[in-house]
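These notes concern the structure reproduced below.
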Amino acid sequence: DRQTLVAVLQFLRRSNLRESEEILRREARLLGDDLGGSVATVASSSPGVAAVAAVPPGKGGDRGGVAAWGGRPPLPSGTPRDLGGPCASRSAGGVSVMLGRKSVVVEDQPDVSAVLSAYNQQGDPTLYEEYYSGLKHFIECSLDCHRAELSQLFYPLFVHMYLELVYNQHESEAKSFFERFHGDQECYYQDDLRVLSSLTKKEHMKGNETMLDFRTSKFVLRISRDSYQLLKRHLQEKQNNQIWNIVQEHLYIDIFDGMPRSKQQIDAMVGSLAGEAKREANKAKVFFGLLKEPEFDVPLDDEDEEGENEEGKPKKKKPKKDSVGSKSKKQDPNAPPQNRIPLPELKDSDKLDKVMNMKEAARRVRLGPECLPSICFYTFLNAYQGLTAVDITDDSSMIVGGFADSTVRVWSVTPKKLRSVKTAADLSLIDKESDDVLERIMDEKTASELKILYGHSGPVYGTSFSPDRNYLLSCSEDGTVRLWSLQTFTCLVGYKGHNYPVWDTQFSPYGYYFVSGGHDRVARLWATDHYQPLRIFAGHLADVTCTRFHPNSNYIATGSADRTVRLWDVLNGNCVRIFTGHKGPIHSLAFSPNGRFLATGATDGRVLLWDIGHGLMVGELKGHTDTIYALRFSRDGEILASGSMDNTVRLWDAVKAFEDLETDDFTTATGHINLPENSQDLLLGTYMTKSTPVVHLHFTRRNLLLAAGAYSSQ
C-alpha cells in the first residue's frame, strides 16, 4: 500500500541511502502503472525482509536449461533492514529484489516463520478449485506426448495450493479443495497425502517437518522444452497468477532438449519427496573402481596338501582365474588413487586372513543360471525379544542378532565356542614367552556358543562386524552407536552424536571407519578411535534408514524414507549421486563386487539397479510383494539375492541384468531410460520360508548363501 511505500522511502532518505531510494521510486512508478497504482512491499514476521527473487512473467526467458522462474533461490529471512536491506516490491509476476543496483540472491535458511510467510500472498480462496481444475482440463486435453510430462505438475501444485489455503485460514475452502482433488494424485503419494490431510489449521504447520521440507526444497520436475513452452503459454494466456506464482517460487523445472518422455519412463523415476534429482546432481565424477590389493606371497599349497591327499593329487599352485590374487596385478582405470583417503595398514593377522580368503576363493563355486547356490537359512526361534538386526562375519563363523529388548546376542555358527580373554588376575600368571601364549590367554571355563551384550537402552536396529572379527558395532533407538570387543565381549566405546534413534551402522570393508544413519536425517562417518564424527552427510529430507560402504571405501550410499538413495564422497563429504525412483522408504542397499553397480530395495517391493558411473537407473526387478530388507551379490557378482518381509528369498541373474546397457550420451543427458519390460526372465528362483521374514543375506567365501530371520507365528 501507498503508506508503507512512503514510510520506506522516508526511512531510506533519513539513512542517506539515496541510490536505493531512487531505484525504489523508479520501480514503484513502473510497477504502479502495471498494477493500477498499488504497490505492496513485503515484510515478514522475522526481523528481516523475507523476499523471493524471481523474474516477472515474460522476462528472462529460459536460462541455461533452467526456467528463469524456477532458477533462483529465495532470500534469507534475516536480512537486516537498517542496513538499507533489500526493499522488495511485489509485482504480479513475483518479487524483484534490489540492493544498490545489484539483484541479491542468497541461499535460504529454513527459518520456520520466514518459510511459511511465502504463503502470505492472497489469491481469491474461492477460485482455487477453478484454477486447479482449469489447469487439469488443459493438461488432460493436451497431446499424449505432453500429457505424461505435464501431469507431474498435479501433485506439487495440489500440495502448495492446499497449504496456501490452510496458511491463510480458509479452512473450509482448503477442506473442499482437498476432498475434490486428492483422489487424482498418483497412488505412491498416498502416505504424504495422509500427513497433509491432518494439517487443517495454520498452527499445525508450524512444527511439521514434512511441511517444512516441502516448503524449503524446490520440487524438481524434468520436462522437455516443448512441453514447458506449452505450459508457459497456457498460464500466460489465462493470466493464472496463483498457479504461476507457485510454479515460480516452489518448483524447479529441469528442461531438456529432445523428445518428451513416455509415461513409463517418467513413472520409473518419480515418486520421491522432492520430485526427481536434478540432472546436475549426477554429473560429478565417481571413482567406482576397486583399490589394488596389496601384494604378498601366498603359500598356497603347504597346508592344502593334507586336505587334498585323500584324492591323491595335491592342488596346483595357481588359483582359479578369478580369485583375488590375480585381480590385484593391474590398477583399475576407474579406481581412486590408493592414498585418496587414509586406510589402515594391514596387520599380520589381516594378511593371514587374506591368504585364507584366497584359498577359499580357489574352491569357490562359479554360480550362474545353470548353477544356483545352496541356501542355508538360520531361523531365530522363540525370539520373543523381537529380532531387529542381523549380521554375519565375512568368514561366516559368527552371527549376531540385535533385539528389541536392547540386547545384542552373538552366536558361534562353527563348532568352535566363543571364548573371552581371562581376567587380569589370571593373566598375570601366564608365561608371556611361551609359544602358545595367544591360546593360554583365552578362558576355556566361560566358553559358550552364545554371548549376550548388555548396554543399550532401546531396541538395537543395526549391527556390523569389523572385517578382522575383533569388533562389533551396534546402533540403537537410544541414539548411540556402541563398539564391542569380541575378545572380552564388553563395550569399549559409546559414540554419541545422533540425538534420535540410529537406524543403521556399517563398518568400512577396510575396518577403522564406520558409518551410521538415523532419524535426524543425516549419516555420520566415524573412525573407531575418534569420539566425534569425521563427516556429517546432510541432505536427505527424512530418516536415513540404511547405509553401505562402497567396496573401495571412498564412497558411502545411504537410503532414506524420503524415497531417494544418495552416494556421498568420504573425502569431502559431497553428495555425488541422487537416485530417485522408489515409491517407498528404502531399507536395503548392496554394491556389486566390481563397484560399478548399486542395487536398492524398498517398501514398494521393487529392487532397482543403478549404474554408478553414469548415474542412471538400469534395471527394475519386480516380484516381491513386501518390503525388501536384504540384498546381497554373490562373491563374483553373478547373482543378486533379495530377501523380503513376504517370507521369500529370490535369486536374480545379475550378469544378464547388467549386460548390453544402453548408456549412450543422450540417455545420460536426458534420463530417457529404457527398462526391459519383463524382469521375470531375470528371476532364477524363489524360495519360500514357512513363516519367516528375511532380514539378512550373506554369501560365504565359497558362494553358499546364508539367510536369517525370526520365525513369526501369525
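Glycine is no exception: its Cβ is also placed from the backbone N, Cα and C atoms.
Taken from TrEMBL, the feature domain 'TFIID subunit TAF5 NTD2' covers 123-251. Residue counts of the domain 'TFIID subunit TAF5 NTD2' (123-251) by helix, strand and coil are 103 helix, 7 strand, 19 coil (DSSP-based).
What TrEMBL records for 298-309 is compositional bias 'Acidic residues'.
According to TrEMBL, the region 'Disordered' annotation covers 298-350.
Among the features that TrEMBL reports, compositional bias 'Basic and acidic residues' is placed at 321-332.
The repeat 'WD' feature in TrEMBL is assigned to 380-421 (among others). Mean model confidence of the repeat 'WD' (380-421) amounts to 91 (pLDDT, 0 to 100 scale).
Per TrEMBL, the feature repeat 'WD' maps to 453-488 (among others). Beyond its flanks by at least six residues, the repeat 'WD' (453-488) meets 347, 349-350, 353, 386, 388-395, 397-398, 400-410, 418, 420-421, 494-507, 509-511, 514, 516, 518, 526, 528 of its own chain at Cβ-Cβ distances under 8 Å.
Feature annotation from TrEMBL assigns repeat 'WD' to 495-526 (among others).
Taken from TrEMBL, the feature repeat 'WD' applies to 537-578 (among others). Below 8 angstroms of C-beta separation, residues 210, 213, 217, 271-274, 277-278, 281-282, 284, 286-291, 335-336, 340-341, 343, 503-510, 513, 515-519, 521-525, 584-591, 593-595, 598, 600, 602, 610, 612, 615 of the same chain, each at least six residues beyond the ends of the repeat 'WD' (537-578), sit close to that stretch.
Taken from TrEMBL, the feature repeat 'WD' covers 579-612 (among others). Residues of the repeat 'WD' (579-612) grouped by DSSP class, helix first, strand second and coil last, total 0 helix, 20 strand, 14 coil.
Residues annotated as repeat 'WD' in TrEMBL: 621-653 (among others).
Long-range contacts of the repeat 'WD' (380-421) within the same chain, counting only residues at least 6 positions beyond its ends with a Cβ under 8 Å from a Cβ of the stretch, are 353, 356-357, 427, 441-444, 446-465, 467, 469, 472, 474, 476, 478, 482, 484, 486-489, 695-696, 698, 700-701, 704, 706, 708-711. Listed as Cβ neighbours of the repeat 'WD' (495-526) (distance under 8 Å, sequence separation of 6 or more from its ends, same chain) are residues 343-344, 458, 461-468, 471, 473-483, 532-538, 540-549, 551, 553, 556, 558, 560, 568, 570.
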